[in-house]
Amino acid sequence: VRGVNFEAVLRVEEDEANSKRNASKREVEDDLGLSMLIDSQNNQYILTKPRDSTIPRADHHFIKDIVTIGMLSLPCGWLCTTIGLPTMFGYIICGVLLGPSGLNSIKSIVQVETLGEFGVFFTLFLVGLEFSPERLRKVWKISLQGPCYMTVLMIAFGLLWGHLLQIRPTQSVFISTCLSLSSTPLVSRFLAGSVRGDKEGDIDYSSVLLGMLVMQDVQLGLFIAVMPTLIQAGVSTYSSIFKEILRILILIGQILFSLAAVFLLCLVIKTYLIGPYYRKLHTESKGNKEILILGITAFTFLMLTITELLDVSMELGCFLAGALISSQGHMVTEEIMCCIEPIRDFLAIIFFASIGLHVFPTFVIYELTVLLFLTLSVVIMKFVLAVLVLSLILPKTSQYIKWIVSAGLAQVSEFSFVLGSRARRAGIISREVYLLILSVTTLSLLLAPALWRAAIMKCVPRPERRSST
């Protein structure tokens, strides 16, 4: 068949030792095609569509994985709470213990990571629900300028270090762009308690920080769109460099057009549709919250699908869905948050545990000195660059928040896992560089709670200080 690649795979039956006792069971599995298939790269294929779809089947490995993560996350979360660390840290440790580098008890890694992505979706939805358009309007200039300046500076430093270390420019640009991104789900978890606790004050660091993170999500979608051209640029000849530049400019124009289309659609939805839609949901859900939860979830998935079709990040669609619903007022926000927050909390556990699945303690131990140096260098560099950029663009009356915002931006986004895996498959980076990116990202995420707590304790004015002044 044209366009199809063929490859021999190994077929492995479960419970081969008990062949006599399980003969009848295996015969049924053979009819359904449920045997494990392993290809030449040791990938294990999981059944998604059996030949006989009339017989209901369940992925028991996936069920056991979720049950195990749920049970082990509880003591890990309790332990971190006892010693004063965020529970998120315990969930990552849970993933490390259960992952390939630990007990290796997680069989359905792809499914666990996929379910964890829904934790990101609902987290960003609740971020948009708390982040009203009025607050975004106040800081839109800072949100637009800050991430752009930081990304340009990170790429400039990356090219400089790449030239000194004799690294290809394409690889240097990719690594610098990955490291310039910050974790929106992680920071939103930090702000979950801080924002509610400081609503009576005039602290607006949350608005600046979330605005910059949203712009970084936009940059993520832009970079994913430009990545195919970046891959081609790495193997292209010098004579075609102008064509590559033109192609990159065309892709940037397409992304800008897609963003304009998304925000125009949001304006139409906010003006004409979201109000009647929520009132209908509220009327139908009296005495039955299932309709309200389903309606809000469906609207979030609709915005996610729209941004995905327009080649913009799905995470931005979830954020915009929350922001649109928050325009209906504070009472609406509180009602929806009470319904969606428990779902978000459970899925966030799966998400942070899936991050731990990528951590390899043996690699970290062997390269501990190098990894600590690289991680501290990246964290310090991002913190210093953020302070310098915010010193230039923040008003003089709000200069004190630059330390808090910089602390929130100092870690590396977990989306570098996604970008790194794509670049690894495309041959942009080597396996060693890929493991370095994963390790530095994970270590920076583990250091982030301590840095955030230090910034909050040192820089956030107490209510009594504000009242006395």
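Glycine residues also receive a Cβ, built from the backbone N, Cα and C atoms like all the rest.
Taken from TrEMBL, the feature domain 'Cation/H+ exchanger transmembrane' applies to 72-451. What TrEMBL records for 76-98, 118-136, 148-167, 245-269, 290-310, 346-366, 371-394, 433-452 is transmembrane segment.
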Might you confirm whether the transmembrane segment (433-452) is in contact with the transmembrane segment (371-394), defined here as three or more C-beta pairs under 8 A between residues 6 or more apart in sequence?
yes
Counting only residues 6+ away from its ends, which parts of the chain sit with a Cβ under 8 Å from the transmembrane segment (148-167)?
173, 175-177, 179-180, 215, 219, 381-382, 385-386, 389, 392-393, 409
In the same chain, who gets a Cβ under 8 Å from the transmembrane segment (433-452) while lying at least 6 residues past its ends?
85-86, 88-89, 92, 171, 175, 178-179, 183, 186, 190, 355-356, 358-360, 363-364, 367, 371-372, 374-375, 378-379, 383, 407-408, 410-414, 416-417, 420-421, 423-424
Would you mind listing the long-range same-chain contacts of the transmembrane segment (346-366), meaning Cβ under 8 Å and 6+ residues beyond its ends?
66, 69-70, 73, 88, 91-102, 106, 109, 112-113, 115-120, 122-123, 185, 189, 414, 417, 435, 438-439, 442-443, 445
